[in-house]
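Asker: Sharing a structure, written as structure tokens. Questions coming.
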Amino acid sequence: METTALTNLNYQQTHFVMSAPDIRHLPSDTGIEVAFAGRSNAGKSSALNTLTNQKSLARTSKTPGRTQLINLFEVADGKRLVDLPGYGYAEVPEEMKRKWQRALGEYLEKRQSLQGLVVLMDIRHPLKDLDQQMIEWAVDSNIAVLVLLTKADKLASGARKAQLNMVREAVLAFNGDVQVETFSSLKKQGVDKLRQKLDTWFSEMQPVEETQDGE
């Protein structure tokens, strides 16, 4: 039986800190960060707004691929959520795609305060090549992963469970700390499990301390 995680974190108090085009423009690499990544139409902004119970914390757009910057939000002192650029949208110019990929890869490989990665995938189209690449990057860097199968309300219960079981089976091949859950911003499904996972990461992970060496 699942118990509700006790936490002193109030996600409704999460506030926007800054946007950055790449890792060099981010604030000091200290504390704990949990990043949200996903294809441009995976529902990333909606998930962040649902998590924090704020309608416009993260901008949602009818045009997938609008999030071109790394966006930082503070939950509490030294505890941040990071909205990474959406990837994989066909109509984005090739050069911009490469730029985003570089920024994503650099952030995942070099950001020491990154302790957890939430990868969002449309439950109807999970585990595309770039989704798998994100999970591989995280596992190779010993970063824990939570896969959220979004838009779960689009499928009937039986199909939803089948997709969940299929993806859970598939991610075993990554040989890492990869958990998979269903999520629906519309129905508020899976929000408690997301908060519990974030609570665990923010409370159990070791925060990165300030050092004298700068990059």
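Quick reminder: no glycine exception, Cβ is built from N, Cα and C everywhere.
When I checked Swiss-Prot for this same protein, it listed these features:
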DOMAIN    30-204  domain 'EngB-type G'
BINDING   38-45, 65-69, 83-86, 150-153, 183-185  GTP binding site
BINDING   Ser45, Thr67  Mg(2+) binding site
Asker: Out of Lys44, Lys151, which has the highest number of nearby Cβ atoms, where nearby means within 10 Å of its Cβ, if these are the binding-site residues?
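Answerer: Of the binding-site residues Lys44, Lys151, the highest Cβ count within 10 Å belongs to Lys44.
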Asker: Are there any residues in the same chain, six or more apart in sequence, whose C-beta is under 8 angstroms from the C-beta of Leu69 (GTP binding site), and if so which?
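Answerer: Counting only residues 6 or more apart in sequence, the Cβ neighbours of Leu69 (GTP binding site) under 8 Å are Ser19, Ala20, Pro21, Pro85.
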Asker: Considering the binding-site residues Gly38, Pro85, which residue's Cβ sits among the greatest number of other Cβ atoms within 10 Å?
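Answerer: Buried the deepest by this measure is Gly38.
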Asker: If I take the alpha carbons of Lys151 (GTP binding site) and Ser45 (Mg(2+) binding site), what is the distance between them in whole Å?
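Answerer: Just about 13 Å between their Cα atoms.
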Asker: Using other CB atoms within 10 angstroms as the count, which residue among the binding-site residues Asn41, Ser45 scores least?
Answerer: Asn41
Asker: Rounded to a whole angstrom, what is the C-alpha distance between Phe183 (GTP binding site) and Ser45 (Mg(2+) binding site)?
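Answerer: Checking the Cα atoms of Phe183 (GTP binding site) and Ser45 (Mg(2+) binding site) gives a distance of 13 Å.
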